[in-house]
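*Asks:* Sharing a structure, written as structure tokens. Questions coming.
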Amino acid sequence: MVEAITPIALQNDETILLPERIGDLTGLDQFGVGGELLAAFLAAFIVGNLMLAMTGVAGPWAKRKITAAFTDRIAVNRLGPAGLFIIVADSVRLLSKELVIPEQADRPAYDLAPIVVAASALLGFAVIPMGSGIHLADPEVGLAYVFAIAGIASIGLMMAGYASSNKYSLLGGLRAVAQNIAYEIPLVVTGLSVVIFAGSLQMSTIVEAQAATLVPLGPIDIPAWYALVNPFAFVLFLVANFAEVGRNPFDMPEAPTEIVAGYQTEYSSVYFVLIYLGEFLHIFLGGAIIATIFLGGPAGPGPAELGIVWFLIKIWAVFLLTQWLRSAVPRVRIDQMIEIGWKGLLVLSFANLLLTAAIVGLIT
Amino acid sequence: MIGILKSMATTMKHALDGSTFTVEYPETAPDVSPRFRGVHKFSQERCIWCRQCENVCPNDTIQIVMDDQRNGEQYNLHIGQCIYCRLCEEVCPVDAILLTQNFEFTADTKHDFVYNKEQLKAVPWYKDIDPLESREPDRGAWIGEGEGEVDYQ
Amino acid sequence: MSTELERQQRPVEVTEGELEALIGDRALARDDHLNAPGFVVRPDDVQAVLTDLKEQAGFDHLSCLTAQQYEDRYESIYHMKKYADPTQEVSIVVPTSIDDPVSQSAEPVFRTADWHEREAFDLVGIDYEGHPDPRRILLPETWQGHPLSLDYDQEKPQIVTLSEHANPIQPDHHDAESDTMFLNIGPHHPATHGVLHVKTVLDGETVVDIDPDIGYLHRCEEQMCQQGTYRHQIMPYPDRWDYVSAGLLNEWAYARAAEDLADIEVPEYAQIIRTMGAELCRIASHMLALGTFALDVYGDFTAVFQYAFRDREVVQDILEDLTGQRLMFNYFRLGGVAWDLPEPREEFIAKTRDFLDELPAKVDEYNDLITGNEIFQVRCTNTGVLEPETAKDYGCTGPVARGSGVDYDLRRDDPYGYYENLDWDVITKDGCDNYARVLCRMQEVEESAKIIEQCLDLLEDWPEDDRTVQANVPRTLKPDADAEIYRAVEGAKGELGIYIRSDGTDKPARFKIRSPCYHNLSALEEMCEGEYIPDLIASLGSLDIVLGEVDR
């Protein structure tokens, strides 16, 4: 226990990040700053596309299949094995639709909103260590960066809601902002309790700190994943995260039966795809943050090269959880959600922070 | 909290048992009850042109044209307008019109749904169910009778 | 079945003599209907007479208002009942002149008269003096003429224009002074259960005022029935009023009214089949109500909706075996039903029994999944509150009234069919909120299962030589001229009443449908003012309206 929570303050310079490795492999690093930039671009391209591909699978196919399993149906199965080619069909369908833009839309804001939503999530993946050497950047303020960049999405939602010139969208945008403000603070404060354990905001350090053994259990060592060290914080973080990304039971900003999909009502074609992708990316980013700071990042049995596999499994597990909740949990009302946020989670998260601080302080 | 977990357990149970209640239509054609009311089948051989079906039809779906000798000339039925109430079959004294179990019909325009007596005769039986037998067992079978071309006598 | 105790609690019967004394000189004449004594009163005595009847004689349920035109006069008939004992009825007939059809509004006495009188004005053309909101309700504001009046030209096509200031694409009016926002919920909205348009005024997320705008699905059902023959042509249409699976219950409403009008006896065996079929329909309808309500609260087409649909599917299979269709049954006939149980009979009975045997497990599943869920409870309790007195004032019936603690079920209180001889209970809940209505429907499903079980036992052991499914009814049915009747049955959504006036031909001269959804919907504004949008949607879902029946 003591070992597990001993802060590791040092930078670990030995970590090789993906851009450097690509620079090495392709020889781009010989060309100075330009070459490094190109290598970094290549690395970002790989990671970004990996994540986009995942949302591509999740949106048109996995979500349908999972929902169908919960509801005793068959779902897509005509195109390709297990209906997988529906992804292609859906992409063609969505992208070939007419882009309808409301006459009174506030143009730059209306056009920017989908990009902001999707980009903010993609940028977040830059600091996530995904194992197998896939790690784009490792700044000292990694965790703060990822919260900050994910928070930008609510600006995008607000822009979408306001600029659509639709009352339903406006309500959705306002709900999104209210929800994000109410849950951002508990989210960050709960994240801080992890920082107290790890003693660093750097993602790689947080992951490494979780590699220690919590309880030796015969041949298997239970690792000191913070979800196991502090399950209370883990649950708090999960709940706040679902609210943050707007999933059930906190899918108020969309709420199709109430405000007709809220901020995305007026979006069609490419813009709709971007918003939709952005939402899934945010689920995955939420999953990535949870995996990194609570579930030991890419850690798992087997050789270290399998890190990315374990990492993806953890992300998909969080995704599956959102879909599971969607099948069984009703949406709370807007006032109840705000109450849960301000009166419940905020208080609990501060209590959790104080307790953690006290315990860590006593031990060290 | 326990309630939420219970509901989650309920849906997960359904997800894991793998059973589905939807079927892959048209590969798995649904079973249709023998009493099911689908598209009509008409037999000119049986018809005595009494016009009772035309009179009873609640929304004027059946149109019968006769010459001045009261010989039947046309028997038209708009299967797209029909509400499938089976009153025509019920009033028919000679079972000349029957509702088969066939519910699968398509057309390019709604006008294609106006069936004349040849088309009504050619309506296929669904899964070889004989409606008459299942509905009025004492009246004998209809199936197999009146197949092929219309016999103009 | 009503127990002895309940019978004793029924209010003392008001005799005709007492009614005559109560109305006194205000009664110009008697105009008795087959179901109730009728009193003709002057148009300016309406409020006074109705107030006396309500307060002194206990007629607290304005069940229906029928408006119609004769050659020489207009007539509004107020069909009054008692919630405590609906077999006690009285009709107040209010004639008005052809030239100046003005009658006093009953709205100050009964809130439910609001929508009744708007409909009467809209379709027949009687003006109600003192009505707070004398607008058309089913037809567009700019419609010319009143379709059910005698001088209306049915052939003339009409171009319906927008009223002058309702330009749908004009920019929204921004008012810096105003704190509220106007929002159109519907007619195309995922949660309005059809084409309902709710004009909503919002203060933030709080509902300040609503105004349901109905009539998008008006299909002239009353007129269609007036053009059909009693014997055959009307029966297929009741299926299409409440089209989501309550078909047999609706057919029964017409069958009951027409059979009483033409004095037709229904064989006991047919009554049992009717009772069984009707309760199967009720299960199917309540399953759908449960599924769609959960859909409104959960917000996605997820598990609850699909499970409810899956279970409803089984009921529909059984009904298909019995009637030959899955929704538009056309199974009842005047004097009985179209068919006996399908052969082989044992197989059908076994199939139905299987369904009943599996039902408790499914109900448990719903309890785990829906009613036991804490978030669901938090969402539904104390929202959409409808106090019992308000419910009565608005003429609410069915599960909506019973969820508000109004113990009113026509199957028990005004028995028809075979219900009297069976053992079952009326479910009432005192919660008055959305949750109470959900619970009420779920428990009614179990009660219906009980009824079906008993019907199956009876059907199985019924003597073989007495299985008559239809009485001998003449092919052309011509009830006596000027006979009038108003009869109601307990439909899936509440009291479904039919008023028929015959003029001696084989078609009704006036056919009026008292739709339960119509009146349940009118109570929506009481339920959701001051609540949040999600609760407005949930309350609307808990009313379980079918727009086909609202608009007719």
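Glycine residues also receive a Cβ, built from the backbone N, Cα and C atoms like all the rest.
The following feature annotations were taken from TrEMBL:
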- A:37-58: transmembrane segment (TRANSMEM)
- A:112-137: transmembrane segment (TRANSMEM)
- A:143-164: transmembrane segment (TRANSMEM)
- A:185-204: transmembrane segment (TRANSMEM)
- A:224-243: transmembrane segment (TRANSMEM)
- A:270-295: transmembrane segment (TRANSMEM)
- A:307-325: transmembrane segment (TRANSMEM)
- A:345-363: transmembrane segment (TRANSMEM)
*Asks:* Of the stretches A:143-164, A:224-243, A:270-295, A:307-325, A:345-363, which racks up the most C-beta pairs under 8 Å with the transmembrane segment (A:37-58)?
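*Replies:* By Cβ pairs under 8 Å, A:270-295 leads among A:143-164, A:224-243, A:270-295, A:307-325, A:345-363.
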*Asks:* Report, as numbers and ranges, every residue of the chain located at least six residues beyond the transmembrane segment (A:345-363) whose Cβ falls under 8 Å of a Cβ in that stretch; write 'none' if there are none.
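*Replies:* Sequence-remote neighbours of the transmembrane segment (A:345-363) are 1-2, 5, 182-183, 185-187, 189-190, 192-193, 196-197, 230, 232-233, 236, 239-240.
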*Asks:* Spell out yes or no: are there three or more C-beta pairs under 8 angstroms between the transmembrane segment (A:112-137) and the transmembrane segment (A:224-243), with each pair 6 or more apart in sequence?
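*Replies:* No, the stretches stay apart by this measure.
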*Asks:* Answer with yes or no whether the transmembrane segment (A:270-295) touches the transmembrane segment (A:143-164) by the criterion of at least three Cβ pairs under 8 A, sequence separation 6 or more.
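*Replies:* Stretch pair touches.
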